[in-house]
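> Heads up, here are the entries from TrEMBL:
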BINDING   Asp66, Asp341, His345, Asp382, His383, His457  Zn(2+) binding site
BINDING   Asp66, His177, Thr179, Glu336  Mg(2+) binding site
ACT_SITE  Ser116  active site, phosphoserine intermediate
Amino acid sequence: YGCIRDLTNRRMKLQDMLVMLYICISAFEEENPEFWRSSAQNTLRSALSRKLNSNVAKNIVLFLGDGMGVTTITAARILKGQLQNRSGEETVMNMDTFPFVGLAKVYTVDFQIPDSAATATAYLCGVKTNLNTVGVSAAARNGVCRSQKGNEVTSILKWAKDAGKSVGIVTTTRVQHATPAASYAHSASRTWYSDADLPTSAVTGGCMDIASQLLRNTDIDVIIGGGRKYMTPKGFPDPEYPTDLKAQGQRKDNRNLINEWLSMKEGKVARYVWNKTDFDAVDPEKTDYLMALFEPGDLRFDVERDPSMDPSISETTEKAIRILKKNPKGFFLLVEGGRIDQGHHDSRASMALHEAVALDDAVARGLELTNEEETLTIVTADHSHAFTFNGYPFRGNSILGKSPIFAMDLLPYTTLMYGNGPGHKITNNKRPDIRNVDTTDKDYVQQAAVPLDSETHGGEDVALFARGPMAHLFQGVYEQNYIAHAMAFAACVGTNQEHCAATAEPDKTPFTSIDPGSSAPNTPFGAMTTVMLSITMSVLLH
């Protein structure tokens, strides 16, 4: 009755009413211990019916949430549920349904807390390395061109290509950024995007910029992301922002790498697109190669994306898979939600979490388009952030909202905060008073304990979720570089192929997993839920 009374409060917004309605119904069931017993038994039956899939992985799809630590996953899970007008905490993400989970240790050879370049080299190339370097071993030194010669290491993307598979990269950052770069480039500095970024010592030392290596090193079938300005001559006008000087081409060597890429694909059906209209017109069945660069640099945050100009990460993932899956030998695809990381660096939790939700939606799309019996799907992160989920908020409290209990300075604080970053603002020895501030706004900057222009990464282990062939290899706690070796073993690429010839035919036994749409068990109270809903809606409508 208390719930019904609260719902009749005319001052409540409709969305708040719907959330309160869901909480009321949930509370009615959850107060009965049989709810939790039944839920646990359903999960137990699912675990007991699980069978190991020891097939060879024809395909591998690696979803990488840049900066998507465990705290980010938890907060994104709640946000995803609240965007569906639910309480949020009980929401089941698509990645949550993966049966095998492990923890990867992310430190680099020289630092306790890593960056995206060194971690990408670990999980893609199978070798730990130094901060800020991509596709080279730890014998190479950050920014020292001469040190990278002879210390190059190749990635699973190349191993897959050498095995006859099709390969692709999809990212929400520039395609020359640290994560995708580690799949094809070798560079003593992750920041050598174009030749304009090379220091004199690198030029005289013969080091090549990352954009040039995108064309030269590995024949990549699908390349989707941003980074147009690193591919075109200095002063070359951008097709989308022709008057924006910052969007113009940056190359000093006067090369147009986009045109060069197209000329390299003579005899094949190769398409280059930079907007959604042309992207949607690409027929996967009739396309051998696709390069899609939607921005001069990184793509826009998903909540700021113009759907008429830029596709979502789910749409780009689908296009990539449909092109790559035509290869009878299979494919390897790297999908990066790269702007999770950038949202965190800005201490804008809303941006970061919406990016994580978008990545989880892409995971669902990937699962729909592939067969679990032959496709190994992995979701993981490269590192975390100095991101905390704190206080004692009530169930259903907005994940972007404030704790109901004030701090010792008699001021409120948000549920989500940062250990450091641009949100540290102290005036007259006091924190900002946010009582009248909309902390759910996409541009709100969370408060931080230590002042920094850019919030930093975190160093704790990151979670890895796996399903499909050999997914059980990813259980436990392991070094991050193990991931590349386990993927290669599963797909019979690279080394460790002795087991491949003896692999049995695919086991067609269906896999039983938890329904990603709901975590609620089938209990006698389910019928009561319908009754409660009907009664409450009647109250609201009168």
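Glycine too: its Cβ is placed from the backbone N, Cα and C atoms.
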> Fill in the CA-CA distance, Ser116 (active site, phosphoserine intermediate) to Glu336 (Mg(2+) binding site), as an integer in Å.
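That separation, Cα to Cα, works out to 11 Å.
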> Inside 10 Å of the Cβ of His457 (Zn(2+) binding site), count up the other Cβ atoms and send me the figure.
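For His457 (Zn(2+) binding site), the count of other Cβ atoms within 10 Å is 23.
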> At the level of the C-alpha atoms, what whole-angstrom distance separates Asp66 (Zn(2+) binding site) and Glu336 (Mg(2+) binding site)?
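That separation, Cα to Cα, works out to 7 Å.
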> Around the recorded Zn(2+) site, report the further residues of that chain (criterion: Cβ within 8 Å of the mean position of the Cβ atoms of Asp66, Asp341, His345, Asp382, His383, His457; site residues excluded), sequence-ordered.
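Residues close to the Zn(2+) site, other than Asp66, Asp341, His345, Asp382, His383, His457: Gly67, Asp115, Ser116, Ile340, His344, Ala381, Ser384, His385.
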> Can you tell me the CA-to-CA distance separating His345 (Zn(2+) binding site) and His177 (Mg(2+) binding site), as a whole number of Å?
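Approximately 16 Å lies between the Cα of His345 (Zn(2+) binding site) and that of His177 (Mg(2+) binding site).
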> Whole-number answer please: how many Å between the C-alpha atoms of His383 (Zn(2+) binding site) and His177 (Mg(2+) binding site)?
15
> Whole-number answer please: how many Å between the C-alpha atoms of His177 (Mg(2+) binding site) and His457 (Zn(2+) binding site)?
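Here the two Cα atoms lie 17 Å apart.
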> Taking the Cβ of Asp341 (Zn(2+) binding site) as centre, how many other Cβ atoms lie within 10 Å?
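A 10 Å sphere around the Cβ of Asp341 (Zn(2+) binding site) contains 31 other Cβ atoms.
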> Can you tell me how far the Cα of Thr179 (Mg(2+) binding site) sits from the Cα of Asp382 (Zn(2+) binding site), in Å?
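About 9 Å separate the Cα atoms of these two residues.
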> Whole-number answer please: how many Å between the C-alpha atoms of His457 (Zn(2+) binding site) and Glu336 (Mg(2+) binding site)?
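It is 17 Å, counting Cα to Cα.
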> Test of understanding: give the count of other CB atoms lying within 10 angstroms of the CB of His345 (Zn(2+) binding site).
21
> What are the sequence-distant neighbours of Asp382 (Zn(2+) binding site), meaning same chain, six or more residues apart, C-beta distance under 8 angstroms?
Leu64, Asp66, Gly67, Val106, Pro114, Ser116, Thr119, Ala120, Tyr123, Thr179, Val462
